[in-house]
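Structure record follows, encoded as structure tokens.
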């Protein structure tokens, strides 16, 4: 067994990050890799396609029931899923109460201290990326995750979140070993999406690892709480995830310290691609619409 690789999938909520990560990890386990998934998203949906179940009980929830995290055994919080993948969910507090990142910190420390990281080739963190607050940045900040893969699309907010996550990586890159592995574009069928993803990757100084095409088979598999790899292993989408897994596997040690851009540069890039209008164009369009309404 080689050196443990600690990777993380970051991305804005609703981008398909958990789906992408679970399908990729299912493909990695087919390649003979031993994997532990640590879900760090308050939705706690980072393992359901691997376990083929409803949401897994979280470390925080189980700790609250048991009295404290010290009262738990690893077997209580780690479940075994597809082809032996180990799964755990950190969890978070009730909405509006406390810091969701606290669960991430508690869970990772508990898992490490109790041997959950032994005998695996990969630990994969699935992390919410709209907010790179202290808690959610914890896998980066505490030098746990070494390679970050940002799941994004051609939509403006996904690009904005990707750039923000790159800023978070840059902040901790010099003090720790964290690097940006690259971007994964989840197709949303927006205009010039692949070009835009490649342009952002170039600005950030990283690779566009893979462009995952949109395919309804993903939703069909999700309804059965399965990855595409398990649901329809011979379909073209399963091959896309295998290709993505291969690229990540071969990307070891090739991460970069990113070069995030300013909001102005991001808006300029969107204007160049015709995604966003300039202030003058916008005002002109509003004036034309108002004139048409009066006519």
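The backbone N, Cα and C atoms fix where each Cβ goes, glycine too.
Residue 14 (ATP binding site) falls within neither a helix nor a strand when secondary structure is assigned with DSSP, and so counts as coil. Among the features that Swiss-Prot reports, ATP binding site is placed at 11, 12, 13, 14, 15, 16, 17, 18.
Annotation source Swiss-Prot lists [4Fe-4S] cluster binding site at 99, 133.
Among the features that Swiss-Prot reports, ADP-ribosylarginine is placed at 102, with the record citing similarity to another entry.
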Just name the most isolated of the binding-site residues 11, 14, 16, going by other Cβ atoms within 10 Å of its Cβ.
14
